[in-house]
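Peer 1: This is the structure I want to talk about, given as structure tokens.
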2 protein chains.
Amino acid sequence: MKERGLLIVLSGPSGVGKGTVRKAIFSQNTDFEYSISMTTRKPREGEVDGVDYFFKTREEFEQLIKEEGLLEWAEFVGNYYGTPVEYVEKTLSEGKDVFLEIEVQGALQVRKAFPEGLFIFLMPPSLSELKNRIVTRGTETQDIINNRMAAAKEEIEMMDAYDYVVENDQVDLACARIRAIVTAEHCRRDRIALRYKKMLEVE
Amino acid sequence: MKERGLLIVLSGPSGVGKGTVRKAIFSQNTDFEYSISMTTRKPREGEVDGVDYFFKTREEFEQLIKEEGLLEWAEFVGNYYGTPVEYVEKTLSEGKDVFLEIEVQGALQVRKAFPEGLFIFLMPPSLSELKNRIVTRGTETQDIINNRMAAAKEEIEMMDAYDYVVENDQVDLACARIRAIVTAEHCRRDRIALRYKKMLEVE
């Protein structure tokens, strides 16, 4: 029987750079599989359907909610975001690690379904830096910026539900920390002791 | 106030290659400080007093036991091994990580004094490989080899007291896993959440 893969959940306040970090991780060789999220928000410049997100209408998304086809979903600043459950379950059961990049509300739902998952909270170096990032993205109005900052503060308070906190001071450093966390988790004694004890029985 | 450093304990069955892995780690730049062990065993070819171990007589060692100057000590295959406590305490309180490479018996003692330490069990890829390593070291008699193998099996059973299990299939891979574990532990939410929550109060 194959050992189940690890579910790796990268989350954090809006604007912290989750998408940038996730892209940087998958721009190199990795052993884990990316689970593409689904959203009803409009694609940003350069975003591709089926690569960055599955872009759906509200009607399509609500249909999937009804069918319980989502591992988690949330409405955030007026848009739905969610994770189709089928791909995650299938990939984990094949023994591969699955990587989710999702909003904080969604991560808390996933924690309930997968308490053994590996939950990583991406932190801005400071709140002023977070504001800079939201402002310089240049796609948001002042109202949205204020909403996001208020939401971000609330989200940082939710850090307690996570296993790890990774500072996104530099993208390459944040990626290295996340890779290290996954490597370390694969060495955790409670995950692998059984495998090694079998060695004693066989030899 | 400075945050306390991490205590990193590398241990595992006799002959698994703890010393080789430790030397490989410290042959590169690291952020952690090596705590040199003390022993009454004779120096092996190439070992230097005050670098590989502090080599002591039985009388000197027993005096230090009396004075409670050892964080842990054990008698193993006729020799004492131990860790002077002073250096460890001082270095941790300066906020630096301390690295111990010690026998399994000793590690269990350290676990009692430092339950928050990071305990890493170095595993041979197989028991036959472990025997090869003990034999090809070429310094031991057949009796000692048999004793060591019996002790190693018992020690592997003690894996449950550890946080991580690292396979020593290749020295460079084992080193990379140990570095990853230390990086990951520095990102653990329960160690650092307070620091980040202060960010919210200040700004």
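Just so it is clear, glycine is given a Cβ too, placed from its N, Cα and C backbone atoms.
Because TrEMBL annotations are produced automatically, they should be read as predictions rather than curated entries.
Not my notes, these are from TrEMBL:
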- B:5-183: domain 'Guanylate kinase-like' (DOMAIN)
- B:Gly12, B:Pro13, B:Ser14, B:Gly15, B:Val16, B:Gly17, B:Lys18, B:Gly19: ATP binding site (BINDING)
Peer 1: Could you tell me which of these binding-site residues, B:Gly15, B:Gly19, has the greatest number of Cβ atoms within 10 Å of its own Cβ?
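Peer 2: Of the binding-site residues B:Gly15, B:Gly19, the highest Cβ count within 10 Å belongs to B:Gly15.
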Peer 1: Other than B:Gly12, B:Pro13, B:Ser14, B:Gly15, B:Val16, B:Gly17, B:Lys18, B:Gly19 themselves, what residues in this chain have Cβ atoms within 8 Å of the centroid of the ATP site's Cβ atoms?
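Peer 2: For the ATP site the neighbour list reads B:Leu122, B:Pro124, B:Leu130, B:Arg133, B:Asn168.
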Peer 1: Please report the number of other Cβ atoms within 10 Å of the Cβ of B:Ser14 (ATP binding site).
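Peer 2: There are 20 of them.
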Peer 1: Would you mind listing, in sequence order, the residues at least six apart from B:Pro13 (ATP binding site) in the same chain with a Cβ closer than 8 Å to its Cβ?
Peer 2: B:Val104, B:Pro124, B:Leu130, B:Ala151, B:Ala152, B:Lys153, B:Glu155, B:Ile156
Peer 1: With every protein chain in view, what's the tally of Cβ atoms within 10 Å of the Cβ of B:Lys18 (ATP binding site), excluding that atom itself?
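Peer 2: B:Lys18 (ATP binding site) is surrounded by 20 other Cβ atoms within 10 Å.
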Peer 1: Cβ distance under 8 Å to B:Val16 (ATP binding site), same chain, sequence separation 6 or more: which residues?
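Peer 2: Within the chain, B:Val16 (ATP binding site) has Cβ neighbours under 8 Å at B:Leu122, B:Met123, B:Pro124, B:Leu130, B:Arg133, B:Ala152, B:Asn168.
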Peer 1: Under 8 Å between C-beta atoms and at least six apart in sequence, can you list the same-chain neighbours of B:Gly12 (ATP binding site), or say none if there are none?
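Peer 2: In sequence order, the residues whose Cβ lies under 8 Å from that of B:Gly12 (ATP binding site) (at least 6 apart) are B:Lys18, B:Val104, B:Phe121, B:Leu122, B:Met123, B:Glu155, B:Asn168.
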Peer 1: What does DSSP call B:Val16 (ATP binding site) in the simple three-state scheme?
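Peer 2: It is coil.
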Peer 1: Across the domain 'Guanylate kinase-like' (B:5-183), what does the mean pLDDT come to, as a whole number?
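Peer 2: Here the predicted model's pLDDT, averaged over the domain 'Guanylate kinase-like' (B:5-183), is 90.
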